[in-house]
Amino acid sequence: MSEISRVALFGKLNSLAYKAIEAATVFCKLRGNPYVELVHWFHQILQLPDSDLHQIVRQSGIDPARLAKDLTEALDRLPRGSTSITDLSSHVEEAVERGWVYGSLMFGESQVRTGYLVIGILKTPSLRHALTGLSAEFAKLKVEALTERFDEYVGASPENGLSASDGFNAGAAPGEASGALAPSAMGKQEALKRFTVDLTEQARSGKLDPIVGRDEEIRQLVDILMRRRQNNPILTGEAGVGKTAVVEGFALRIVAGDVPPALKDVELRALDVGLLQAGASMKGEFEQRLRQVIEDVQSSEKPIILFIDEAHTLVGAGGAAGTGDAANLLKPALARGTLRTVAATTWAEYKKHIEKDPALTRRFQVVQVDEPSEHKAILMMRGVASTMEKHHQVQILDEALEAAVRLSHRYIPARQLPDKSVSLLDTACARTAISLHAVPAEVDDSRRRIEALETELAIIRRESAIGVATAERQRNAETLLAEERERLAALEQRWAEEKRLVDELLETRARLRAAAEAVDAGGVPLGEGEVRLDEEQRQALHARLAELQAQLSALQGEEPLILPTVDYQAVASVVADWTGIPVGRMARNEIETVLNLDRHLKKRIIGQDHALEMIAKRIQTSRAGLDNPSKPIGVFMLAGTSGVGKTETALALAEAMYGGEQNVITINMSEFQEAHTVSTLKGAPPGYIGYGEGGVLTEAVRRKPYSVVLLDEVEKAHPDVHEIFFQVFDKGVMEDGEGRVIDFKNTLILLTTNAGTEMIASLCADPELMPEPEAIAKSLREPLLKIFPPALLGRLVTIPYYPLSDDMLKAISRLQLGRIKKRVEATHKVPFEFDEGVVDLIVSRCTETESGGRMIDAILTNTLLPDMSREFLTRMLEGKPLAGVRISSRDNQFHYDFAEAE
């Protein structure tokens with residue numbers, strides 16, 4: 001034994017046996033025994049929940065109680081009183097050696113299981129004698145039966161999936177542990193079992209979700225797989241569109257027998273590329289594993305189709321170091337048709353790694369998996385709804401499925417359908433399930449705020465006790481604490497009321513469901529003894545259900561504390577948390593918003609009613625589905641002098657239509673005055689610097705397909721830049737530098753220009769003789785044609801913006817002063833008032849007509865706000881609180897009255 005390293009020998013024990021010998025060593029020391037004996041080890045193994053030894057004891061008819069008693073007595077017979085362990089006994093070391101010999105040579109394993117230890121001990125006379133000396137029960141073990149039917153004996157032992165503790169897969173050949181030799185060939189079909197997963201078996205056992213809406217792609221797969229040669233489809237598409245789902249759908253069809261006869265007995269196995277690469281430490285080992293997988297597939301009695309997900313990892317630079325030759329191993333088998341493969345990768349990785357190898361490209365037939373339409377995605381969601389209901393124990397309404405698709409498509413543009421809609425619905429289900437039992441987030445947040453305020457007050461009182469001036473801080477903190485406690489009381493009262501209504505609502509639904517002999521929210525069929533309801537009782541329950549839903553809806557408003565079912569509101573609240581867009585704005589009736597759009601816009605844009613009505617009409621036509629669906633929602637050129645509300649129109653539209661001003665894509669066209677800057681907008685072509693990074697415009701629209709595109713000062717751009725928009729205005733699409741088609745169909749495009757402003761100013765010089773917008777637009781055509789090509793003007797609607805009159809300036813002044821009022825009241829908690837004289841004074845100072853409404857902002861920013869700010873800061877420094885602010889006009893100047901708090 002001295003020639004064999006003990007570390008190497010004991011390293012062959014699997015993790016369970018190794019931990020047991022470690023525990024035996026500790027146990028031996030605690031008992032004061034000098035040597036670690038077999039009895040220590042077997043005692044510790046039998047203390048575990050399960051192992052090979054447990055299974056063998058059960059199968060051999062050994063009495064566990066008698067065995068435990070015998071082992072305890074054997075332990076008591078050992079000498080005691082030692083302060084330290086001298087060594088492992090020779091029996092333990094010899095048992096491991098014999099276990100390794102029989103495990104590696106008889107069973108071809110690279111680990112020592114506790115079952116192999118038992119066989120090694122029973123096959124060695126001296127060890128067998130020592131074992132039966134521990135307990136006569138061990139004499140019942142039959143070594144011949146154990147070796148012949150070892151798999152039957154160990155059954156579902158937890159040691160089945162373990163490996164040697166030293167991390168090496170095999171140790172049969174000298175020098176292999178050091179990596180000096182290539183790994184030996186695996187047994188028949190061993191590579192398949194080790195490196196692949198049987199998808200058809202998973203489909204047969206119900207582990208795969210039903211796949212809906214990918215019939216066309218599955219049919220293409222079948223067409224290609226039925227070829228005699230080059231029968232290898234490769235699925236390409238963006239991450240999350242469902243490439244793997246197509247293959248799972250194919251596996252489900254094979255199991256259902258819904259495939260041609262030639263494919264009915266086929267096994268579909270997924271190759272685990274990560275497992276194939278893991279531990280392939282030396283050159284050639286990865287290729288050897290792949291070759292053995294290919295050989296197993298080709299030699300299998302049952303035809304096998306191999307599914308390779310993330311196929312680019314097998315090709316050249318796409319894989320790990322040393323995997324460059326992997327694709328060359330596949331090529332001959334793929335070309336001859338002896339290895340049928342379904343591959344999947346993203347389009348970008350396909351172009352980067354596979355397309356560059358023509359020999360590999362011709363062996364694969366591309367099947368494009370596009371993002372599904374909203375309609376198809378809803379069908380897919382209906383397919384997974386029942387699975388989610390069973391998992392989360394909640395009820396999902398059909399409106400939630402539609403909301404998950406539509407809201408995710410609109411507000412989560414960075415991901416693809418159906419992946420993002422499934423994630424959204426899953427989160428909404430989890431939130432609904434939690435809300436039925438947990439404390440609502442609003443209540444929990446309120447409690448945390450109260451704790452924080454109480455801590456702050458305790459600190460203030462401690463400071464006050466040592467003479468620090470804290471009266472103002474204490475007053476503010478006590479006010480906030482009282483408000484928060486009042487808010488918490490209201491929340492808890494509403495929570496209790498909602499809980500009562502939800503419990504009754506769920507109980508009523510359960511009764512109706514039971515009466516209909518349906519399946520409850522958990523997916524479990526109800527018993528036979530359920531009470532039947534007559535028609536009158538059923539109608540009464542339906543009426544009560546409608547009444548409860550109405551009460552709950554009225555109580556909850558747009559901020560529910562408990563979600564009884566997964567509905568539109570539940571899904572919208574998740575989107576609100578993910579995107580920051582208020583849930584109420586999305587849940588509000590979109591059609592109502594569109595119908596009243598001009599009224600909403602007129603509150604913010606002053607004096608341009610004709611323009612807002614024209615834009616609103618176009619949006620209403622598009623929303624009704626009567627416009628050309630392949631064009632953008634609308635394309636308008638807003639012409640007028642500076643400061644009349646052109647840019648503000650874009651911001652107001654984004655706020656009303658798309659949920660916030662963050663959905664305005666602003667491109668300053670004055671930056672594109674040279675012809676070569678076209679590539680900045682749509683992305684550099686191949687071979688140019690910046691290729692692959694996307695264009696300023698195309699990337700922004702790809703990320704935010706529902707947005708307002710504002711092309712500011714478009715007259716300053718180079719004529720070549722104007723021409724790239726022809727296709728966008730006509731067909732609603734633009735190709736970027738990489739050839740991807742960017743969809744503009746859900747955008748509203750506004751171009752602003754100062755061209756023709758002199759003509760507009762002269763036509764509108766007399767307010768009494770103000771021409772109609774159509775007349776101004778007709779007059780504007782001539783100056784616009786000097787800058788823009790007729791083809792561009794013909795593709796858009798020109799809307800002139802009137803110069804601002806005194807009445808318009810007064811309305812804008814009131815709007816701006818109203819915003820200041822809100823800021824003062826929110827920041828300083830004091831009232832803010834102003835009289836009409838202030839408005840007249842502001843308008844009288846607007847002498848620069850070419851600046852429009854911007855002059856009002858300049859007057860307020862440079863005059864009124866600095867004076868107010870100085871007074872606020874001075875009073876904060878002196879500790880004099882304010883009770884209110886009033887601004888008036890006196891001697892052609894702003895006059896400020898600051899009321900002091902008592």
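Even glycines carry a Cβ here, placed using N, Cα and C.
Here is what Swiss-Prot says about this protein:
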{"type": "DOMAIN", "residues": "10-151", "note": "domain 'Clp R'"}
{"type": "REGION", "residues": "13-78", "note": "region 'Repeat 1'"}
{"type": "REGION", "residues": "88-151", "note": "region 'Repeat 2'"}
{"type": "BINDING", "residues": "Gly237, Glu238, Ala239, Gly240, Val241, Gly242, Lys243, Thr244", "note": "ATP 1 binding site"}
{"type": "COILED", "residues": "441-559", "note": "coiled coil"}
{"type": "BINDING", "residues": "Gly640, Thr641, Ser642, Gly643, Val644, Gly645, Lys646, Thr647", "note": "ATP 2 binding site"}
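Projection of Swiss-Prot feature records onto the structure.
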residue: Glu238; record: ATP 1 binding site; DSSP class: coil
residue: Lys243; record: ATP 1 binding site; DSSP class: helix
residue: Ser642; record: ATP 2 binding site; DSSP class: coil
residue: Thr647; record: ATP 2 binding site; DSSP class: helix
Secondary structure content of the domain 'Clp R' (10-151), with strand meaning DSSP E or B: 99 helix, 7 strand, 36 coil
Using Cα positions only, nearest of the binding-site residues to Thr244 (ATP 1 binding site) (Gly640, Thr641, Gly643, Lys646): Lys646
Reported mean pLDDT - the region 'Repeat 1' (13-78): 88
Candidates Ala239, Val241, Val644: member of the binding-site residues with the richest Cβ shell (10 Å): Val644
Nearest of the binding-site residues (Glu238, Gly242, Lys243) to Gly643 (ATP 2 binding site) - Cα to Cα: Glu238
Gly242 (ATP 1 binding site) to Gly640 (ATP 2 binding site) - Cα separation in whole Å: 49
Euclidean distance between Cα atoms of Gly640 (ATP 2 binding site) and Ala239 (ATP 1 binding site), Å: 45
Inter-residue C-alpha distance, Gly640 (ATP 2 binding site) and Gly240 (ATP 1 binding site) (nearest angstrom): 45
Same chain, 6+ residues apart, C-beta under 8 Å of the C-beta of Thr647 (ATP 2 binding site), given in sequence order: Leu710, Asp712, Thr752
Nearest-integer angstrom distance between the alpha carbons (Cα) of Val644 (ATP 2 binding site) and Glu238 (ATP 1 binding site): 44
Candidate nearest Thr641 (ATP 2 binding site) in space, where candidates are the binding-site residues Gly237, Glu238, Gly240, Val241, Lys243 and distance is Cα-Cα: Glu238
Protein Cβ atoms within 10 Å of Lys243 (ATP 1 binding site), excluding its own: 24
Nearest-integer angstrom distance between the alpha carbons (Cα) of Gly237 (ATP 1 binding site) and Lys646 (ATP 2 binding site): 40
Other same-chain residues whose Cβ falls within 8 Å of the Cβ centroid of Gly237, Glu238, Ala239, Gly240, Val241, Gly242, Lys243, Thr244, the recorded ATP 1 site, in sequence order: Ala245, Thr346, Val369, Glu371, Gln416, Asp419
By Cα-Cα distance, the member of binding-site residues Ser642, Gly645, Lys646 nearest Lys243 (ATP 1 binding site): Lys646
Thr244 (ATP 1 binding site) CB neighbourhood, other CB atoms within 10 A: 17
